[in-house]
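*Asks:* In case it's useful when we look at the structure, here is the feature table from TrEMBL:
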- A:20-439: domain 'DUF112' (DOMAIN)
- A:7-29: transmembrane segment (TRANSMEM)
- A:35-55: transmembrane segment (TRANSMEM)
- A:67-86: transmembrane segment (TRANSMEM)
- A:106-131: transmembrane segment (TRANSMEM)
- A:138-161: transmembrane segment (TRANSMEM)
- A:204-223: transmembrane segment (TRANSMEM)
- A:259-282: transmembrane segment (TRANSMEM)
- A:356-381: transmembrane segment (TRANSMEM)
- A:387-407: transmembrane segment (TRANSMEM)
- A:414-443: transmembrane segment (TRANSMEM)
- A:469-487: transmembrane segment (TRANSMEM)
Amino acid sequence: MDLFSNLALGFSVAISPMALLICLLGVSLGMVVGVLPGLGAITAIAMLLPVTYYLEPTHALIMLAGIYYGAAFGGSTASILLNLPGTPSSAITALDGYPLGQKGKAGVALLVAAMSSFFGGTVGVLLLATVAPALVKVALSFSSAEYFSVMLLGLIAAVTLAEGSPIKGLIAVAIGLLFGLVGADPQTGSVRYGFGIPQMFDGFSLVAVVMGLFGVAEVMANVGNDSGHRATHRISFREMLPSRAELRQTIKPILRGSAVGSAVGILPGTGVVVASFMAYALEKKISKTPERFGQGAIEGISAPEAANNACTQTTFIPTLAIGIPGDAVTAIMLSALILHGITPGPTVIASQPDMFWGLVVSFWIGNLILVIMNIPLVGIWVKLLSIPYRLMYPSIILFICIGVYSVNNSVFDIFVALGFGLLGLFMRMIGLSTAPLLLGFVLGPMMESHFRRALTLARGDLGVFFDRPVSAVFLLLCALFVVSWIISARRTKRKKANAG
Amino acid sequence: MQKPSLQNLLLAGLSASIALIGLYGAWGMDLGSLRRIGQGAFPVAMSVLLLILAAAVVFSRSDRPVHAPPKRTLLLVSGSMIAFALLLPIAGLIGAVIAATVICAAASSESRVIETIALSVFLAASFAALFVYGLGLTIPLGPE
């Protein structure tokens, strides 16, 4: 079968010593940033983007992706042992993981989390290997109308599934879209929102925006809040083995979690936080004993952990098959591809088969490394947490400064990062999430180009978005999301009226 | 009608001011027609959307109270990034890193003098090794 020869090609790329080393490096770094609070995968990837310019494109992506799913893996450790979620998505693992640890079952929780993550990751990789090439066949027939509609769907999905009300999500997206428009208009070449500053004529650098919104803002919010944490708990291998009953309890949640995570991942615009949250909510809803959740229910770990790892893998489906970033992290990876001279889009898999299949296989190897590494090295991850924050945050800020500068050798970009840092901090204070903003920033200019091109080709006929069946389906899904906002808004209003 | 919360007012203020800057910057841009959409159409549409959302958000439900970080953190962390940006072309990488680290560390009351100096030297050395020698970036190490 074709798939096997492709996978064989992938193995030949992924098990070369250099690729293995890069993969190991990526997942270890991912584990570290996942464990450490205040340094998410997205900041770490943006920080290392300049470093990967010096690698060949396949290796660059292997490393960046390794950080991404490594962080999803590592985030659970600190959640379970110390109730300190290193990443937003693992905050959900902390809900039941920490109570389990308190009951002396930290070992079981860690093993179940690792197993669930591995299973979810494997499901995600398999889907990536089978769905992405199939999706390419559809995507090759996409015209600008379809591209516009699928990106609109991505933005609307991000708004719907983000925390807080859709209005807030929309505000974040619209702000991001406006920031994305800064710089030369791709169709006419004239500069928009330059305000006479030459450095703004090329638009804001993505790395500077990401480092500001996520890195700088996070540091500013955390300084003075916490010092080092020390865990004295030691875990032996014996206590990790779950009982037969516990094992039985986790199998179905892992399967459901993987399914939820994969579905969320395939949808462009949504991320791991949504995946783990939805998987947890689903388990709680269908459980016969929902009151156990939050008290140390093992399903409360396995489902979201499986979901977030399945999601990190399937996010690459829209990213690599269509060229539309599945979430903020893959948006940065797409920019890495562009910097290496590869135009993201449906032709990538056909024109760079060794890269695509090498990535697929290396993702799975990475997951394997993680599950093997995670358990014996728990002690090291915990020790990492005892590094005092007073030493960590200046290092993070300085790394951000030099990292941002090195992309374009531009001092101006450091000020951009600072500006977006302050904006991100302010948004946090007023309860506005920053991930939709970044998505708007990335997708906005692409959407605008496709919208204009589609209309020009259709001689100004807006019907072009509805006449083409695939585009019409995407728009219908958008409409369904919007209807769901109205229904849920009505419901909360009625609830309020009943209560008051 | 309930009183709008501070959080929502700030939110509306942020959206409205960005929308107004958006409209101001789009002033005089060509809107074009459906057949040939001008460069001004999207900016204007987004700014107007943002303005409408700003009005809509005032009376929406708000969930969390506002927590501002201490002024000292804001000033010193910002100050360290500004210092780095300004010093890099003048003093070179090593001077900029050391100065910025010291300013940044001063933001936390837990920082200690000796430790901070050691950290700054360590960071300067490792950045020089990684970026200048490792990746071959053309940043001067010291003043020209």
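Including glycine, each Cβ sits where the backbone N, Cα and C put it.
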*Asks:* Please figure out which one of A:106-131, A:138-161, A:259-282, A:387-407 racks up the most CB pairs under 8 Å against the transmembrane segment (A:414-443).
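*Replies:* The listed stretch sharing the most Cβ pairs with the transmembrane segment (A:414-443) is A:138-161.
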*Asks:* Please give the sequence-distant neighbours of the transmembrane segment (A:356-381): residues at least 6 beyond its ends with Cβ less than 8 Å from one of its Cβ atoms.
*Replies:* 6-7, 9-11, 13-15, 19-20, 23-24, 26-28, 31-32, 35, 58, 61-62, 65-66, 69-70, 73-74, 77-78, 81, 110-111, 114-115, 117-118, 121-122, 124-125, 128-129, 132, 234-235, 237, 240, 309, 313, 316, 320, 348-349
*Asks:* Looking only at the domain 'DUF112' (A:20-439), what is the model's average confidence as pLDDT?
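*Replies:* The answer is 84, the mean pLDDT of the model over that range.
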*Asks:* At a C-beta cut-off of under 8 Å, are there same-chain residues at least 6 beyond the transmembrane segment (A:7-29) that contact it? List them, or none.
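*Replies:* Tertiary neighbours of the transmembrane segment (A:7-29) are 44, 48, 55, 58-59, 62-67, 69-70, 73, 129, 353-362, 365-366, 369-370, 373.
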*Asks:* Might you confirm whether the transmembrane segment (A:387-407) is in contact with the transmembrane segment (A:204-223), defined here as three or more C-beta pairs under 8 A between residues 6 or more apart in sequence?
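*Replies:* Result for the transmembrane segment (A:204-223) with the transmembrane segment (A:387-407) is yes.
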*Asks:* At a threshold of under 8 Å on Cβ distances, which of A:35-55, A:106-131, A:387-407 pairs most often with the transmembrane segment (A:259-282)?
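*Replies:* It is A:106-131, which has the most Cβ pairs under 8 Å.
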*Asks:* What stretch in A:35-55, A:106-131, A:469-487 has the biggest tally of Cβ pairs under 8 Å against the transmembrane segment (A:387-407)?
*Replies:* A:35-55
